[in-house]
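What follows is a set of notes on a single structure, which appears directly below.
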Amino acid sequence: MEAPPGPEPMELDAPPPPAAVAAAAATAGISEKVLQKKEEGGGDAVTGHIISTTIGGKNGEPKRTISYMAERVVGTGSFGIVFQAKCLETGETVAIKKVLQDRRYKNRELQLMRAMEHPNVICLKHCFFSTTSRDELFLNLVMEYVPETLYRVLKHYSNANQRMPLIYVKLYIYQLFRGLAYIHTVPGVCHRDVKPQNVLVDPLTHQVKLCDFGSAKVLVPGEPNISYICSRYYRAPELIFGATEYTTSIDIWSAGCVLAELLLGQPLFPGESAVDQLVEIIKVLGTPTREEIRCMNPNYTEFKFPQIKAHPWHKIFHKRMPPEAIDLASRLLQYSPSLRCTALDACAHSFFDELREPNARLPNGRPFPPLFNFKHELASASPELIHRLIPDHIRRQHGLNFAHAGS
């Protein structure tokens with residue numbers, strides 16, 4: 001749950017009326033409460049503090065107080081802080097993202113998270129505002145707690161000098177694409193910071209959830225967006241070229257970088273600066289053609305780039321790498337944004353066929369997490385694509401209404 005690199009200009013919605021903060025809290029059925037500090041932890045500014053809020057009170061529902069005891073910080077950045085907390089009333093562990101809130105504006109992350117509900121997207125439980133003695137206003141987003149990140153899982157294998165087993169690569173990347181297919185089609189959201197640190201992993205079930213929507217935005221065709229977005233190693237080339245009218249295909253590039261990193265055990269494009277990032281990409285994909293440059297940013301077509309030949313994909317990965325893995329990576333990491341496959345197309349790729357086999361299980365014999373409970377993201381999918389996405393055994397199990405099948 002890390003922040004994007006460096007301070008970024010936030011694209012904010014039009015300022016709401018002055019009472020908007022209180023109204024936002026009221027519409028959420030949540031009243032503002034002052035942050036109550038309880039110095040039980042060490043010198044840490046968070047550990048041991050208790051945050052109380054009132055929920056309910058709508059539709060005849062009784063109001064009740066919920067208190068959270070902050071346990072440890074799990075992420076910090078320019079956005080604020082994320083900490084693990086325990087609900088004192090229920091004992092449930094949650095993650096709370098606490099961000100300084102400008103009273104003049106709505107919080108985009110909150111608006112987007114309220115609109116999303118999917119097994120592979122982090123769930124917003126509720127939110128509330130808190131204030132400090134200096135009258136600073138903070139928004140607290142209370143989310144489900146998932147203990148691991150893909151970054152830490154990969155680091156575990158790297159430290160042991162091992163490659164991540166292919167079954168886990170398939171399972172994690174498939175679920176990442178399922179989450180992207182949902183956010184790209186249903187709420188129409190572009191995440192804009194897909195990276196291993198923002199992919200949560202449950203170590204018991206191996207369910208994956210996309211998190212940190214602090215950089216996310218609904219992209220409107222013809223409306224400019226900032227290009228300084230997305231962490232460097234995962235930044236699509238059109239962003240490096242300064243494009244402002246990009247599409248959700250920037251997330252597809254980032255996911256392709258994550259796939260390659262899981263297969264290699266290290267980042268595919270480890271640039272040390274924005275320019276060096278482009279050099280790293282050119283070393284693998286070769287120099288972009290004039291047409292490819294035009295697709296990324298028409299203003300750069302007259303620039304002279306050193307002519308470098310593409311490095312064959314099969315030479316980038318080790319000899320035993322399945323050709324399906326290499327084929328998928330090559331379909332994701334294309335210079336032309338429109339040539340990258342969609343997230344739903346990626347889910348249907350043959351690299352993931354093992355997950356669709358009737359008796360497929362986790363290495364420990366336990367069942368996979370839900371993989372086929374698609375919802376509205378299939379609304380515009382062709383019958384042929386749906387046929388590739390939903391295995392026969394799932395279709396038989398759930399009858400004809402397979403678009404809503406659970407696994």
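Just so you know, glycine gets a Cβ as well, placed from its N, Cα and C.
ATP binding, as stated in Swiss-Prot, involves V74, G75, T76, G77, S78, F79, G80, I81, V82; the candidate among K63, K97 given for that site is K97. Of the listed segments 1-21, 190-210, 295-315, Swiss-Prot assigns region 'Disordered' to 1-21. Around the Cβ of G80 (ATP binding site), the number of neighbouring Cβ atoms within 10 Å comes to 19.
Other Cβ atoms within 10 Å of the Cβ of V82 (ATP binding site) number 22 in total over all chains.
Other C-beta atoms found within 10 angstroms of the C-beta of V74 (ATP binding site) number 18, with every protein chain shown included.
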